[in-house]
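Taken straight from TrEMBL:
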{"type": "SIGNAL", "residues": "1-18", "note": "signal peptide"}
{"type": "DOMAIN", "residues": "220-308", "note": "domain 'Ig-like'"}
{"type": "DOMAIN", "residues": "312-391", "note": "domain 'Ig-like'"}
{"type": "DOMAIN", "residues": "401-486", "note": "domain 'Ig-like'"}
{"type": "DOMAIN", "residues": "492-582", "note": "domain 'Ig-like'"}
{"type": "TRANSMEM", "residues": "594-616", "note": "transmembrane segment"}
{"type": "REGION", "residues": "636-689", "note": "region 'Disordered'"}
{"type": "COMPBIAS", "residues": "661-679", "note": "compositional bias 'Basic and acidic residues'"}
Amino acid sequence: MYLALLVIFLQCSEICTQKRVFTFNAVHIEVQPSAKVENGAPMSIICHADISKSTDFNLQHNITIFKDGKLVFMSVSGKGDARYEVPMARSSHTGDYQCAVEAGGKIKHSDSLHVWVTGMTKPILIAEKKEVFEGEVVKLRCELPEEVPPLYFVFQKMKVNSTPKQKLQEELYRNFSVVEFPVDEGDDILQFDCFGKRRVRFEFETSLTSNKTLITVKEPFIKPTLHIKPSSNITEGKEIRFECSTVVAKMRDIEIILLRNKTILSSVRDQTTLKYSAVATLEDSGEYLCKVEEGKASKTTTHNVVVTELFPKPILTASMNELDEHKELTLSCSIKDFQNASFSILRKHSSRDILLRNSRNLTMRASVNDTGSYICKAEVNRIVKESKPVTIRVYAPVSMPSISVFSGLPEVVLGRPLNLTCCLMMGTPPITFTFYKGNKNKKKIVTNNTCAAFLDKDIRQNDKGQYKCGAKNHHSSGMKTSKVLNITVIVPIRNTSLGSVPYGVVEDGRETTFLCSVEEGSWPIHFRIFRKMDRDILLFERSEHADRVVWQKKEMSRQDTGTYYCIASNRANVSAKSHPITINVILASWQKGVITAFVLIPIAGVMILAVWWFWCKKKNAKGPSMEMSRSALATNSTSEKLSRQHNDGDYYSGSGYIEDGENHMKSTDENKDSVENRHSRIQGRPDAT
């Protein structure tokens, strides 16, 4: 029964489940009245879910609305619609909206919809002060209520008959901005306003202009006055007086400055009047400016002054500007169309001018030390004027020059430049040096020295190397020429080679001749012959006035086997190395004979012994049958002989055997004959085998 009830329950559950099937067709989002809304107007964001159901049943909906990815509205109901109401749309409501609907574990999102709230709120401008002094600043605050940063603020300063001045401020984190405007000289009544901007996608939107604010500017002091006496017909030598004054509202760090052509002449502080006087000169002509400053405020007054010349500048003349030493020099000072003046002639110096004579004229015997610049001065009514400088050059004659090689030795390596110097013991610069190489010459002017350098890069092997130099200055004696300098051209070593006789293979104890030679190179040449080892060994060295050297090694040994090379060098300081050669020292002929004798004779002896052994072995194999047939006879005969020897006392041993050597040798020979006879008898018998 329980099983039947369980089956019925499961079937009913399945039927109920089948009846509650649904699916999302779409989720829509829209804005009323439109996606473009005016600032301050009402706005509604509507989210609608289009759902298909298997039957009519209640479905709980969770609806959320997002702006730029942030949650702004959420609703839970049994309906598929939700409405987000905005009573007054502001620019901050501009953005991308999207809604999502979640029901029965399923969720569906709408497409994104961009809403643009056009227009911005009107900004509010507030000024910190209504009255300011010149030189102070106006502090302003502009605010955009209900707007969301980032925002841009534009402040405007306006005055009568003038173009407005603007300042732009960007605010990333607040909806207001603060700026300061300086109050300039001449500002009277100022008017300020501001407006805001914001970026909407790829364009800017601008707000209305704020309220206008008026600022009154007060003067801390009046424009200064500048009085000059005399006001006209100012002539050099007369006194000229200046007076600059102003009126201040409050004495506070007031400063008055007098300038001529931007050069400060005088100044006073915390006073309302400045006085200045001077003896008028032509240099006093120009624009004078009286300037009053307090903090950032300043006011100026200008006046042009023209000073009439009392007398022109004097002119200094010389009898000659360039002359030989010990000649006479006359300097004269004069003023055109003017005679009543006090003259003085001076020599200019770096620290101070040196007075030579209080006179119109100066005559002297010139020396080299008198070279320099001279001026003259003229004075009339306390006015002193100076002439333009005149340069005098006094020349000592040049001495005979000497030419030498910079390195010291009169030689040069082929392919390298030659540095020559030409020097004088005496002579006043500037000096013109001329270098000669054969028929060619080159000039060089030296202004502050008595030596000149010359570089010859065109060095050839067949150059004769004849150099000389000449020198002259503005002295009347003319040019002087040095002696001829002969230069030796050193040819560097090229293509070094090493050979030997005999070549390659040498018998032990024999003599070997080495020849080291070069293809090209100036003499003397230093030759060195080496043998290559872990550390190369110098075997021979010699300097020769030749392109080759010969070295004889008297006896070569087996230890002399190895690789040899030679190096050649000369005064060019460039070494040239030959290719290496290899020499193998072998045994001499007599050494080979001795070795052969010592080796072959033992071998021959061994071979003879081997043959003899083989022959003896063969003989022993043939003899046993004959010895067996005659063994009885041999035994009896031997017994008789032994018995007879013992009885007769004829047996000797030791020294007695040696002393009877002759008999022994004889008996041995006899035994030998008996053996040979026996062998012959054995060999003669047919049954010997």
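We count from 1, first residue shown onward.
In case you wondered, yes, glycine gets a Cβ from its N, Cα and C as well.
Note on the domain 'Ig-like' (220-308): DSSP counts are 3 helix, 56 strand, 30 coil. When pLDDT is averaged over the domain 'Ig-like' (401-486), the result is 88. For the domain 'Ig-like' (312-391), the number of residues in each DSSP class (helix H, G, I; strand E, B; coil) is 3 helix, 46 strand, 31 coil.
Residue counts of the domain 'Ig-like' (401-486) by helix, strand and coil are 0 helix, 44 strand, 42 coil (DSSP-based). DSSP labels the residues of the domain 'Ig-like' (492-582) in these numbers: 3 helix, 53 strand, 35 coil.
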